[in-house]
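For B:1-21, the entry in TrEMBL reads signal peptide. The annotation domain 'Cytochrome c' is assigned in TrEMBL to B:54-140, B:155-247. Annotated heme c 1 binding site per TrEMBL: B:C74, B:C77, B:H78, B:C112, in sequence order. Annotated heme c 2 binding site per TrEMBL: B:C175, B:C178, B:H179, B:C220, in sequence order. As annotated by TrEMBL, substrate binding site applies to B:R216. Residues or ranges marked as active site, cysteine persulfide intermediate in TrEMBL: B:C220.
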Amino acid sequence: MARAPIHIAALISASLACSASADELVPYTIVGDGIPASLTGSTSDATRGRALVLARTTTCMLCHSGPFPETRFQGDLAPDLAGAGNRWSASQLRLRLVDASRFNPDTIMPSYYRNDGLVRVGRNFAGKPILSAAEIEDIVAFLATLRD
Amino acid sequence: MIVWRAIAAAIFLVTGPALLAAEIPPDARRSGYAFMGPDTRAMQDDDTANPGMLFVLDGEQLWKKKTGSADRACADCHGDARTSMKGVAARYPAFDKALGRPVTLDQRINLCRAIHQQATPLPYETRDLLALSAFVAHQSRGNPITAGDDPQLKPFVDQGRDLFMQREGQLNLACTNCHDDNFDKRLAGAPITQGQPTGYPLYRLEWQTLGSLERRLRSCMSGVRAQAYDYGSPELVALELYLMSRARGLPMETPAVRP
């Protein structure tokens, strides 16, 4: 019985920690042309990553196309994602999602894990990155499976 | 070596800014009409099928209707719009001497209401304002756009151009990234146009109604997850002015139909 309140207190403090860290990004280390370490340190889910890539809210399919026969709403402003896992390592894919402007400052690909240096961000999005660290990891896991 | 470097530097100085600007040359400017399918084109071309024409007809009635404390109609001062309004919308936004800044056609209609009709302003995107705007702009159908030619407008055109080139929002994209650099490509399957505002106010099938260029600009801003400027704000007027000057020479199409 005595353990229950402690457990609840731990849950509350954990959820507070989560909401407090909503505006703070997980620090990451760039090595060469990638980020070798996972942003979350926990296991990622390629199936969830596939669903995320296809979800309108992540914006991937606005510009990219890929081996997704179920959707005809695909963009052609950016490279086809087919074979992405051959072209790039997980480390390279991670940095390309986190901050593609490192490779080309004029790129139209947004930096998906960034929350500063932006202009007139809409109220609902202010201070938040486009994708969470966990979402980036799931998408990286999925893209790494796209091999020709 | 030094000579070659000097030549290379000179070439860079000459071509550098032009490369950065990436603006569409006049002879390559194309209306959104050129990007749409045959069904939507046919709907725009046939006045009996074009839903925007219903607004034009409403606007014609409003033009003749006396209103405000002055009990005066647009027609009482301006007469037959077919002659008095011909080519007018192709010059808007235009410089207003009293205000010292450009005003849009919508703002001009509301200024006329306030000053000459002593009537309350019509709120943005209301049926009556869209109808009057559509009726006036329809009188310029086929006229080439000349907005922005007035030298007094220069600083405002420049402001609009800067806004067009400015990356913004969570997605960190500028108008120019799509509408100068990537027109003809497809965003989630839909063709990207040059963003030439030739037919406003226009009937957008997605909206199921007529809407202003400001509405369109605000929805693009929401698309890149930016805080949209308010209707009638100096920024939206400057953007509208820059876009119209950028469309110089293209014929007016009001009321256009777009997907």
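Glycine too: its Cβ is placed from the backbone N, Cα and C atoms.
Bear in mind that the values here come from a model prediction, so they are computed numbers and not experimental data.
Listed in chain order, the extra residues whose Cβ falls within 8 Å of the Cβ center of the heme c 2 site residues B:C175, B:C178, B:H179, B:C220 are B:F164, B:L173, B:A174, B:T176, B:N177, B:I192, B:G195. The binding-site residues recorded for this entry are B:C178, B:H179, B:R216, B:C220, and the Cα of B:R216 lies nearest to that of B:H78 (heme c 1 binding site). Sequence-distant neighbours of B:R216 (substrate binding site) (same chain, 6+ residues apart, CB-CB distance under 8 A): B:P197, B:Y200, B:R204. Of the chain residues outside the heme c 1 site list B:C74, B:C77, B:H78, B:C112, B:W63, B:R72, B:A73, B:A75, B:D76, B:H116 have their Cβ within 8 Å of the site's Cβ mean position. The subset of binding-site residues (B:C175, B:C178, B:H179, B:C220) lying with their Cα within 10 Å of the Cα of B:C77 (heme c 1 binding site) is empty, i.e. none. Cα distances from B:C74 (heme c 1 binding site) to the binding-site residues B:C175, B:C178, B:H179, B:C220 are smallest for B:C220. Secondary structure counts, DSSP: the domain 'Cytochrome c' (B:155-247) has 40 helix, 13 strand, 40 coil.
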